[in-house]
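Below is one structure, written out as structure tokens; comments come after it.
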Amino acid sequence: EEDSTNSFICVLKKMKEVRLMEKVVEETEEAFTERMEALAEQWKDLHARRAQLKAHVVTSGTTVKENERLRTLALKKAKEDKEETSKKESELLMARKELESLRQQHQKLSKKLLKYSLFKRYLEDVVENSQFRDIGDIITYYKALVRTRKDLLQSQWWHRQLMEQGKVLQQQLRAEKEAEILQCKNDLVQLKESLEQAQSDIRQWEGRWAETQDRAARKATELKSLNMAIHSLFQ
């Protein structure tokens, strides 16, 4: 149905182009006819002027110098007329080529119009068997559907973009949190190692403290015995 509607739109466009092309062809043919008539008038005028010039040269009793001047003017005029004629012939040739090109385009458009006429009949049948009033309503409805579909696709695209951005952000946050957790675990391991080392140092220092107290007790006992011996000896 979508392809059929597009084809019918093409049909309408091609029909419009065909009408415009026919109008251009008619205008070109009229211009071509006018150019031909103008060229014929110029040729007729040129022959009349040449005849008048010849008659004037024959009948006038001018001198050789005047005749030479008139001859020069006549040659100059003839050259100008020849250039103008060549120019008109070139324009005429271009007009014929343009007319032939327009006719070929007209034939192509006519063939396309005939090819797409089936879709026009199909849409007319749709109008008869639906709630649409005419083909224009079908085209309007179709364009509205196309716009809605375009908006829906755009919305879905934006939704996918947001979802992808959310996933990327979630992955980044997860990676950051995992890095923080790993760092905390490493810090905890280091703290446990430090605690164990501190406990080991405490045990060592407690042993040394016990040894020191034991030596201090022995020294105190020895000092007491020495004091008693000194006291006895003194007595």
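Glycine too: its Cβ is placed from the backbone N, Cα and C atoms.
Listed in TrEMBL:
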| type | residues | note |
| --- | --- | --- |
| COILED | 85-112 | coiled coil |
| COILED | 174-215 | coiled coil |
| DOMAIN | 12-128 | domain 'DUF4200' |
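Looking just at the coiled coil (174-215), the mean pLDDT is 88.
The DSSP breakdown of the domain 'DUF4200' (12-128) into helical (H, G, I), extended (E, B) and coil residues amounts to 113 helix, 0 strand, 4 coil.
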